Amino acid sequence: ARTMAVATVNLRAVTSWVGIARLFAVLLSCIAFSLVASTGDFGDPYGTWCMFTWCFCFAVTLLVLVLELLELYPKLPLSWDDFTSAFSMLAALMVFTTSVIFPSIFISSPCSSSKCARQAVATTVSCLCFLAYALEVGLTRAKPGDISSFLSTVPGLLKVFEAYVACLIFSLLDTGLEAGLQWCMAVYSICFIVTLLIIIFTIGRCLTYIPCPLEKMLVGYNTLAVLMYITATVLWPLYSFRGSSRPNTCGRNCWWDKRLGVTFLTIFNLIAYLVDLVYSTRMVFIRAP
């Protein structure tokens, strides 16, 4: 007798609140990059980044929907819940950054042409797309007492945030840094690599090969990262702006503005690691009854 494979369709993948949020994210990201593509004005690095963000989020979210709709994701050699949680957080951060960068670079006042109108609509749609991903993060985030994937918890989501902020810092760094700034560069690099490895090992289900418990390892790593970022928070502005003020002829790619951006991003990551340390410490030393 001939056997026929029957494809299983899980309609909940598109009818649940999470599925609806993903459908909106797919639609809105598609509209955003289509509108910007119709203007033909996205050739510089900032425009390329914005187009990449919308296209990347559209493609991966659509892939997630298809895999869940056809129930093919259990066959993948990864932790699906960790992957979707990490991606939704990453997509929310990327789209938020794009929604800020794109109008500040490409939209000028007064906005009267049809090209400018399309860019303004694309910005609005991008903001709505960010809200869709933020809603997905909120819906999939682990509630207190739930037994769920690590990357859907607050410490897991903070790991994605920390890695993304480090990437933004790298994009603003320039060459020829002096000794004090080279130490800051080492801090950013070491913390980024370790954080990225934690995310990859979690998604790849490799944490069981670590010889020590994850919770205790996170407490030790977050303590070290906080101490390292404290030194970077002090040394970076001290060496970057010592004896210098913002040049009067500072343009779009001004080194002073970039170093100021790195200063604020360093503070943001320090706060993230501090909150991460508090949560990871509670996971080890404060147990729910």
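Glycine is no exception: its Cβ is also placed from the backbone N, Cα and C atoms.
Summarising the annotation, TrEMBL assigns domain 'MARVEL' to 13-145, 150-285. Residues annotated as transmembrane segment in TrEMBL: 20-40, 46-67, 87-107, 119-138, 150-173, 185-207, 219-239, 259-279.
Below 8 angstroms of C-beta separation, residues 77-79, 82-83, 86, 149-151, 156, 159-160, 162-163, 166-167, 169-170, 173, 177, 214, 218, 221, 225, 228-229, 231-232, 266, 269, 273 of the same chain, each at least six residues beyond the ends of the transmembrane segment (185-207), sit close to that stretch. Counted over residue pairs separated by six or more positions, the transmembrane segment (150-173) shares at least 3 Cβ pairs under 8 angstroms with the transmembrane segment (87-107), which defines the two as touching. Residues 17-18, 21-22, 24-25, 28-29, 31-33, 35-36, 39, 41, 54, 57, 85, 88-89, 91-92, 95-96, 98-99, 102-103, 106-107, 111, 157 of the same chain, all 6+ positions outside the transmembrane segment (119-138), place their C-beta atoms under 8 angstroms from a C-beta of that stretch. According to DSSP, the domain 'MARVEL' (150-285) comprises 108 helix, 0 strand, 28 coil. Under DSSP, the residues of the domain 'MARVEL' (13-145) split into helix, strand and coil as follows: 108 helix, 0 strand, 25 coil.
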